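Below you'll find the structure, written out as structure tokens, and then a few comments.
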């Protein structure tokens, strides 16, 4: 009835097998693991009932994986079947297009076994797939893999006991293709050269490079790499021999693909430009083979030519542009364009006059100037009102018509406006030039402020540096170290923010943090914080107030306490409660901190004495314990019970009232002894007790002795050992009178409209009646009124009425009617009852079309199908001399069948109809049927003649007819008549089988006609 299902569970999960059989007497169950019987133990729990059994493995482990079998047996035999189980399964596979794939598995289980293969939940058909089965091994062969063969394959095995499945994944890889190809590259000699391409798949892929058809090998100068689907050729210093057509080929077992690009390596033009703001000249260093030619450009399009104030000179690898007597209009971008047969390259510099110069710290500042005047003027250099003299790193060289200020290893202090004043007796002139010295920023302005500290983080703040080094600060670099170590660890680059939350600290460790500013010149000096320990800056709270006890019951008590006087600087997050037996160990009560100042402690034992204490908690930790509470002994408080719940009048008549209620919510700690009902007339104030003798034990009561037409009110209260509880009055009054309700019928769900029972079972029809006063009940079958008898029982227990017929027969099927009536009217309900039985015997069984080897049997359906459709007919035959019947068919659905016979044998036939209840009685043929072909009249005898004629006789001869009519046993009749006579005379008196005859006793000279 229920078979064992395969299980897949995790280690430590629940493994439970269940099976159920059809009802059978004296059944015993046995469980087996791989053929070895399992006994009930601490590891295996076996529970068997009369028709079911279960096996539960407690705390299963991997070794419990196996085949489990349940065997059911009794004195009549054994039922044992094994569900399918996969012994071996294929692992996920990765193969290439065009290859062959074989998915093979091994199975155990009872035959017959059906195995089906699916791909991506679609059943596999023949074609590119070949499915094989050898003994218990099943395989799926894919002849030539394609990309469409990739997917999840499922094998499903099933038999009558159960089903097993497994899945595996097949990945099919095509030949690699390039998602990014090599791009053409042009480079100069000694420049780095990098070729890069990317494929879509790297499983089993090898990559080779060729240059002009020759393979490129790994060397010190040439690095080859293939990682993350990217193939790379890296040449650190390219040479002209590295030029050529490069081809990258990616290959796997499915095939290969390639891509190519042309690489050109040219002779290099080296460039170096020196912007000299006060010399008004630009000088370029050149390199290349052959030496390149040079042209100078201002802006994008204007070419500068030699002449006037402009001097252009090229000597070997140096090219120089000099502009004399510069003006502000000479400001702008100057470009030097160098070219040779290998290519062209350019460099440029900006020249701004009157705006000053910018230099890096540590370099040399050189300010040259040309002087004109008669007599020869003198030169004086100054900055911020102080004259500059030659000393230390500062040197002034003044000639007849020129002066040069040189500052070696300049620093940020040399930033400023430099004034050159030239004078002679004719007058003086001053020129100003701004000089900016760029350096790394100074340290941020301290101190570094620690704003907040926790055990795992701190917030630090600082101010920007006073000197940004002449260039804006781009970011701040923050680092930390433990105070007892020298190594700094990076925290973050925070951009321009001057506040940072530093996380991932270790509780209790002392840290030092440093901050450095960075601009385009580099990283400046650090600002260090004072050593700071990673811990809260708060304190634990002080202890809460002493717990006070209230609402003591048999298993719980409510505690209340006051807040601590101090929260330690951090908000209190909750409270922890502990309890103990007097003199015992403290036990924590609440798993999560309590947010309120009250807590209900549950799980106490009545009669034990307990003490309690409370701890407060904030972000730092716990406070000390509060004072211990007064001892507390849980016990049940006993009071009178609460009022009954929802009392109401369920029904009433002219002399009675039926009251119902629900027991009180609280019994007061003592069992309720019973209830008391009181009533009063609506126009009086005096309540009278209804149950005078004893308490009412149930939650219902019928009040008797009411006066017809009088209005009454009722109330009820409960009592326990302490006394009477509070009463509860019913909401409305009632007037004592009969209620007239027209009858209504509602049939039970089990027999509504239709009821079907098996023969021999009981017919049980239940109805629910609503009517006042109680109606008269009548049961009918068709038009016949049913009365009580040995088999028929009629029960009337209003509002329930019931008709019960014991041991139903087919004659009990039909239409049953329930009729009820009272003063308010009548109602009826019809139920069709079907009694299931075997069908009756078939009608009019007769053979037709009889031949020597077969006949057709025909019959008519039974008059009674047993209450269920005829499913099939069983046809049997036997020879008259044999007692055993032989089966012709047991699954005939038509009312005729062709039966085979042996020639010359006699047969009797019988047929019975079968429905879901079983086969009915048989009907048999009365006389045996002979298996022969049907016999017809023979043909005419051939060649009938008189061979000898005498005076009183004639000798007659003839030949057998060509057609014997289906029977070789032919006899003849001879007749004759005198000429012109009307009647024929029979000559042979007996059975004539010969083909000759002597007709004697004829009259001489008389003419006769024979036939």
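Glycine is no exception: its Cβ is also placed from the backbone N, Cα and C atoms.
It should be emphasised that the depicted structure is a prediction, and the values quoted were computed from it without experimental measurement.
Look at TrEMBL and you will find 2-74 (among others) tagged as domain 'Ig-like'. Over the domain 'Ig-like' (2-74) the predicted model carries a mean pLDDT of 80.
Feature annotation from TrEMBL assigns domain 'Ig-like' to 84-171 (among others). In terms of DSSP helix, strand and coil, the domain 'Ig-like' (84-171) has 3 helix, 53 strand, 32 coil.
Summarised by DSSP class, the composition of the domain 'Ig-like' (176-264) is 3 helix, 53 strand, 33 coil. The domain 'Ig-like' feature in TrEMBL is assigned to 176-264 (among others).
Taken from TrEMBL, the feature domain 'Ig-like' applies to 287-346 (among others).
Residues annotated as domain 'Fibronectin type-III' in TrEMBL: 443-537 (among others).
When the domain 'Fibronectin type-III' (543-638) is classified with DSSP, helix, strand and coil residues number 0 helix, 32 strand, 64 coil. Annotation source TrEMBL lists domain 'Fibronectin type-III' at 543-638 (among others).
Feature annotation from TrEMBL assigns domain 'Fibronectin type-III' to 643-738 (among others). Helix first, then strand, then coil: DSSP counts for the domain 'Fibronectin type-III' (643-738) stand at 0 helix, 43 strand, 53 coil.
According to TrEMBL, the domain 'Fibronectin type-III' annotation covers 841-934 (among others).
Positions annotated as domain 'Fibronectin type-III' by TrEMBL: 940-1011 (among others).
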